[in-house]
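Student: Let me begin by handing over the structure; questions about it come next.
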Amino acid sequence: RESDHRAWTPVSYTVTRQNATVQGLTEGKAYFFRIAAENIIGMGPFTETTKEIVIRDPITVPDRPEDLEVKAVTKNSVTLTWNPPKYNGGSDITMYVLESRLIGKEKFHKVTKEKMLDRKYTVEGLKEGDTYEYRVSACNIVGQGKPSFCTKPITCKDEIAPPSLDLDFRDKLIVRVGEAFSLTGRYSGKPAPKVTWLKDDIVVKEDDRTKIKTTPTTLCLGILKSVREDSGKYCVTVENSTGSRKGFCQVNVVDRPSPPVGPVIFDEVHKDHMVVSWKPPLDDGGSEITNYIVEKKDTHRDLWMPVTSATVKTTCKIPKLLEGREYQIRIYAENLYGISDPLISDEMKAKDRFRVPDAPEQPIIKDVTKDSAVVVWNKPYDGGKPITNYIVEKKETMATRWVRVTKDPIFPSTQFKVPDLLEGCQYEFRVSAENEIGVGDPSPPSKPIFARDPIAKPSPPVNPEAVDKTKNSVDLSWQPPRHDGNGKIIGYLVEYQKVGDEEWKKANLTADSCPETKYKVTGLTEGLTYKFRVKAVNAAGESEPAYVPDPVEVKDRLEPPELILDANMAREQHVKAGDTLRLSAVIKGVPFPKVSWKKEDHEVSPKADIEVTGVGSKLEIRNTVHEDGGIYSLTVENPAGSKTVSVKVIVLDKPGPPRNLQISEVRSDSCYLTWMEPEDDGGSVITNYVVERKDVASAQWVAISSSSKKRSHMAKYLMEGTQYLFRVAAENQFGRGPYVETLKPIKAIDPLHPPGPPKNLHHVDVDKTEVSLVWNRPDRDGGAEITGYLVEYQEDGADEWTKFQTVPMLDCVVTGL
C-alpha cells in the first residue's frame, strides 16, 4: 500500500519462494509491504515492513568523505575532522571507518570500532616521533564506500606556539567611585595558555562585584560598583610551556577626599584672630588635594562665614574675630572630584593667650592660735606668664570688707602665717595670684575659723546610766563632761559590749548623730546582758569613755496599759448625719499595748478608718449615717493587763416614718386621721408632723397641716364623692423624715344606715302551692340607693323564717309551698 493510503493491494498469491519482485510502482512514492504464509488449512498472520520504502534507483555504497583535516597534533595523539560524502548511495550513513598507516608499512589498519557519526575523532596512544597517514570511509546499509584521500604524513610531536596577548585597555585607567569598569583582550598559544589575573601581586578572586570570564580566545575582568579599595596595579598573565605574556593597567578609583584629620589645633589665640592647624585627610580620594575650604561660626549664631577656599597648607589664620565671643572652625578638603565632609573644631573663645592667673582653689587654714593662723593654698594656672606674687586677704565673717594681711610679696611659698588676729573673732581668708599682666580673681573664701588657742580632747561624760529598756533596745542618759577642752562638744559616741566578749561595737558611727545627752541603742538580742560606755567628742577628738556602772539585761519592761481619753471619747458623743465621727485616745504601756475597736461587741464597720501610732489610736468614720450610732469600745492590752473604755455615739438624723396610719369618721366633707410616732426619732425630739392629701385623679399632693404636734388630724373641706389618698411625715430639727401613705383611696361620703321596712305588704293571688305578693317602697333608704328586697316565709305555728330570695322589684311570687 502507498504510505498515504490505508488500503492494501495484493501483489501475488502464488509465491512459493522467500522473495518476490513487486512491479508497477511509481518512482518517488513511498510504500509499505506485508507478507503472509498460507497452507491447506488457511492463511497465517501478515508481517509488515517497519518503515516506508521510497521507490528510486538501486542503492549503492556512499561516495568518499570529504575534507579530511588534522585539527591538533601532540606527541601521543592526533585529532581529525571530516565532512560527509556528497552522495550517501541512496541510504543513510550508518558509520565511518577511520584507518591509519605507519609510514614504511603497506597496510592500513582500522583505528576504532566507534561509529564516529559526529565526524571528529582523536587518535590516542601514539608513539612520539612516529609518522602516520590517515583515511576515512563512509558506510550505509549496502556497505563501505571508497576511502577519502589520505592526509599528509603526520609526525607525533607537540604543536608549539608561544602565547600572544592583544589588550583593549591602556596602561592607566581612572574610574569614579560607584561606576563599573572592565579589562578585556584576546590571546592565543599552543598548548592553550593559562590566564591569571593579579592585583598588586595578589590573585584576583571572583565575588559579588568581581567577575572573571575567559574563553579559548578572549579574556575579561569586570568590577561592578567600584570602591576606592579597587584601585591598584592590575596584571593579566597568559602562560603556556613555551613562555608567558603579561599586560598591566594602573586603575585609580577616584572619589572626593575623606575629611581632614583632627582635632583642630589652635596654635595661636588672640582677641581678634586665631591661627589653626590640622592634618591632611587619611584618604585623598585618589587625586591630589587641590585646596582646603575654611569657615568660622560664632557659637551664638547659626551662620557659617567663609574664611578662605584657596589654601593648600594645613594651617590658616582666622581674622576679624570679636573679643570674648566663642567660635568654631569648619574645614573641608577638596580635590578634582569633590569636597569632603567637614572637620569641626571645639569651641574657642577669642581672647589674648596671655592673661592674669586663675583664681586659686579654696585655701585651707591650719595651726590656728588666739592671734594667728596659717593659710595654705595650691598654685593656680599662671595665665601663660609666670606668677610673681600672691596676695592674702582676711575679713571677719560678719564684715563685708577684705583687708590685705601684708604688703610684702609672698612668693614662691604657697602658705603664709597671718599675724595680728583678735582672739575670739571669726575670720575668713582668700588668696589671689599676680603675674606681669595683672592680679587674677581671688579664691573662694576659706571655711570660717575662730582665733583661739587649739582645743584639747574633752573629759569623759558624767554619770551614764540605763534609764529604760525593751526586749531589743536600751535607753541611756548622761551629763555633759566637766571640761570641753576649749572646744564645742560635737556630740557623743555610744558603744556596747556583750558580756563575755572583748570587742566593743559602735551604736552610732558619728558623734553628730548623737548631739544630746541621751541615746537609744537598738538591735540588741532579747535575754542577753550588755555593758555600755559613752565618749564625748569635740574638734580635737574623742574623750576617754565613761561606763554605765552595771551590765543591763535586755528584756521588756512591763507597764500596764493606760488610756488618756480625748474630749471626743466622753460618755456620749453626738454627731450630725453626713459629718465625720472621730474618736481618739492617748495610749501608754510597756510593751506598747495591742489596740482593738469594737461596736456593740462586734467588729466596727469596714468604712471606719482606724489608725494606731506609737502614742495612741484614732477611729474615724466619714459621712456618718444613723446606723453608725451605737456603743463603741476601745480595748488596749499588753502582758501587764488590759483596759477598756466605751462611748455612746448618737448620729443625729431625720426621723423615720410614722406608724399605723388609720382613717375613720369618714363624711361627705371630712375624715379623721390618726397615727403613731416613728420607731426612730433620729436622736432628736420630733417637733411636728406634716399631713398631705391627694385626689387620686391628680398628680399633686396638697399640704393640709404642717405644724401639728398631735398624732391625729381632722381633714376638712373634702369634695363629696371624690376619692382621696393621705400621707404623714415626722420632722425634727435635722429635717423631715419619709412619708407613710394610706394603702387605698378613701371616698368622701356620709356613713350608710339600713333602710326602713317596706310598706303595705299584701297578696294579690293564691294557688295551692304559691302566693303572689306586692308591697310599697319604705319611707327611708338609709342614705343609699335600695339594691333589692329579701322575701322570707314562715309556716304558721313554726318559729323559724325561711329565706326565699332577694328581688329587685316591688312584687314576688313565692313558690314551692
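Backbone N, Cα and C atoms are what each Cβ position is placed from, and that goes for glycine too.
For 1-58, 64-159, 259-353, 359-454, 460-557, 657-751, 757-817, the entry in TrEMBL reads domain 'Fibronectin type-III'. If you look up TrEMBL, you'll see 163-252, 561-646 marked as domain 'Ig-like'.
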Student: In the domain 'Fibronectin type-III' (460-557), how many residues does DSSP call helix, how many strand, and how many coil?
Tutor: 3 helix, 44 strand, 51 coil
Student: Could you give me the DSSP helix, strand and coil counts for the domain 'Fibronectin type-III' (259-353)?
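Tutor: Tallied per class, the domain 'Fibronectin type-III' (259-353) gives 0 helix, 50 strand, 45 coil.
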Student: Give the one range among 64-159, 163-252, 460-557, 657-751 whose Cβ atoms make the most pairs under 8 Å with those of the domain 'Fibronectin type-III' (359-454).
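Tutor: Answer is 460-557, with the largest number of Cβ pairs below 8 Å.
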Student: Averaging the per-residue pLDDT over the domain 'Ig-like' (561-646), what integer do you get?
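Tutor: 87, rounded to a whole number.
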Student: Go ahead and report the DSSP secondary structure tallies for the domain 'Fibronectin type-III' (1-58): helix first, then strand, then coil.
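Tutor: Output for the domain 'Fibronectin type-III' (1-58) reads 0 helix, 16 strand, 42 coil.
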Student: Could you give me the DSSP helix, strand and coil counts for the domain 'Fibronectin type-III' (657-751)?
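Tutor: Counting residues by DSSP class gives 0 helix, 49 strand, 46 coil.
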